[in-house]
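Scroll down for the structure; my scribbles are underneath it.
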Amino acid sequence: MSVQIHKYDVVIVGAGLAGLAAARELQRAGKKVAVLTKLHPLRSHSGAAQGGVNAALSEDDDIELHMFDTVKGSDYLADQDAVELMCSKAPETIRWIANAGAAFSRNEDGTIAQRPFGGQSKPRACYAKDRTGLTLLQTIYEQADRENVTFFDEWYVADIIYEDGVVKGVVAYNIRDLEPAIFNAKAVMFATGGYARAFKISSNAHANTGDGLSIVARHGLPLEDMEFVQFHPTGLAGSGILISEAARGEGGRLYNSLGERFMEKYAPEKMELAPRDVVSRAITKEILEGRGVGPNKDAVAIDLTHLGEKIIMERLPELRDLAITFLGQDMIKEPIHIAATAHYSMGGIPVDIDGHVKKNPNEIVRGFYAAGECACVSVHGANRLGANSLLEALFFGRHVGKHIIEDLESNKLELCDAKESDADRMLNEIKFCMNNNGTESVPKLRSELQESMTANAGVFRTEETLLKQRKILKELRERYKNIRIDDKSKIFNTDLQEAIEFGHMLDYATFIVEGAIARKESRGAHYREDYTKRDDENFLKHTFATMNEDGSINIEYGDVKLGKFEPQERTY
Ligand SMILES: Cc1cc2nc3c(=O)[nH]c(=O)nc-3n(C[C@H](O)[C@H](O)[C@H](O)COP(=O)(O)OP(=O)(O)OC[C@H]3O[C@@H](n4cnc5c(N)ncnc54)[C@H](O)[C@@H]3O)c2cc1C
């Protein structure tokens, strides 16, 4: 099969906020850019974000306080230089996107309205009702389109071309007809989003299968801090579909089956507005100790009825619709049932503050960049605060785009020619999935992965559950070699895509579990019942893990960039 080779200055994988913000900057600077995305850009998960995007905008807030809240929220694992850069540029980022057309909700005096979010000292989340992500995504897509960015919608990127420490491009196929192609470029940027789909109860879109991370890891490059997966406190009971933190921000109260407002026990000062890790553990504990509500007693109740119909319809209309559609519960009339749901991934592809992908804690890969949720820069450390992620994707997407322009103009990057055989790995992967005549079904293996990850590597972890999960992953890996897909056609073959995606899920889930086994402490979202304390002496450091051919993992550690905020005990 002949493989077409396209040539660009820059190829960006992913058309969420991070990818689009970078693409627009590059195209405006006259660079030849292609954006590849497996979904239509407006279906990227950024569009599902409801609650808000942070910036210290108001007079009684300040940037240093935003920095402090972020570092404390991160359980001191965030790199403070990156936090300082992001928080100090947040007001400018909001003004930029508002001027570009994002219709934020406003106060009566015309200023941008801001709502309180967990772990923040001030109301800091700018919002557009409860459709903030969609508003931002539509705005930035329109802007990128207006600059004539070239989009390859519904193209699946399956590999990078990485040789001699340089990334030369990506290998992809058209989902429509399986046509393969190489996109040869001076610079490649990954903006492939999050990966909480490895868990059964998850707020993430079906597409969030962490492809970008595994593609990178399969070349022996490291992933950073993968053990830190955020569980959001309020997913709808049973499905995990998100009820945004805006519900707690606007005044939602949590109750157990005894009618107790149980956050009094866990975070007496901040109550429901303690950070996500704290509230998720509280909810899960109430359920595990038998004080859950609902037919399966696997949820707790969030009560918003005291807000009244007017406020709910004005500020939380989408959340109300979701709860009616999926649970038949109307938050205007009654409390709705929620439980913790896998939501966000703090770890990812390690990058420096300008988005260069790291080969190890001290060296970078030439021609390779990443931003947004797939990257670990690390502004969130061990736990992200709500509304800091849209900010990260928007700010770092744009910032990294500008840096690629600088690197191109100072001639640090050149086009290293790709050859047809660079597509072989992808073609072999496709051939395996299409022709393998085994007995295992991918959806079944995927359910087993998701169920076991939620049970053994979820909100609470112990050596015992994690070792059990290590064994399950090893078995699933073996069984994956024995899959069979039914659809053998070339047209929109979703069986094939799901089989490839499941391979990625297996790889990055292994990083999550191995990182969690090695980190014998509790920090932020990583909670070990057998090591309940944070251990700064041994673990105030970033995990850098690499994968061997046989799927085993090596772990080394890198320094955390500390700064003006000294690690303290984290209480709320
Ligand atoms: C339900 C929900 C609500 C949220 N609410 C908030 C909030 O209120 N505030 C906040 O700050 N954060 C929120 N978050 C988090 C935030 O939305 C995300 O972290 C952020 O939008 C990620 O943006 P991104 O550009 O990195 O990736 P995404 O928007 O996820 O985009 C990823 C892109 O990568 C592409 N892609 C992936 N793999 C491939 C491949 N193999 N080939 C080709 N293309 C590929 C996809 O097509 C997509 O275009 C929420 C998340 C969820 C799930």
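Cβ coordinates come from backbone N, Cα and C, glycine included.
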Identity of the substrate-site residue among H306, H337, H343, H504 (reference: H232, S244, R384, source: TrEMBL): H343
Distance from H45 (tele-8alpha-FAD histidine) back to G51 (FAD binding site), taken between C-alpha atoms, in Å: 14
Substrate site span - longest C-alpha distance across H232, S244, H343, R384, in Å: 14
Mapped DSSP class for G14 (FAD binding site), helix or strand or coil: coil
Candidate nearest H343 (substrate binding site) in space, where candidates are the binding-site residues G14, A18, G47 and distance is Cα-Cα: G47
Substrate site shell beyond H232, S244, H343, R384, criterion: Cβ within 8 Å of Cβ centroid: S203, Q230, L242, E245, R276, Y344, G386
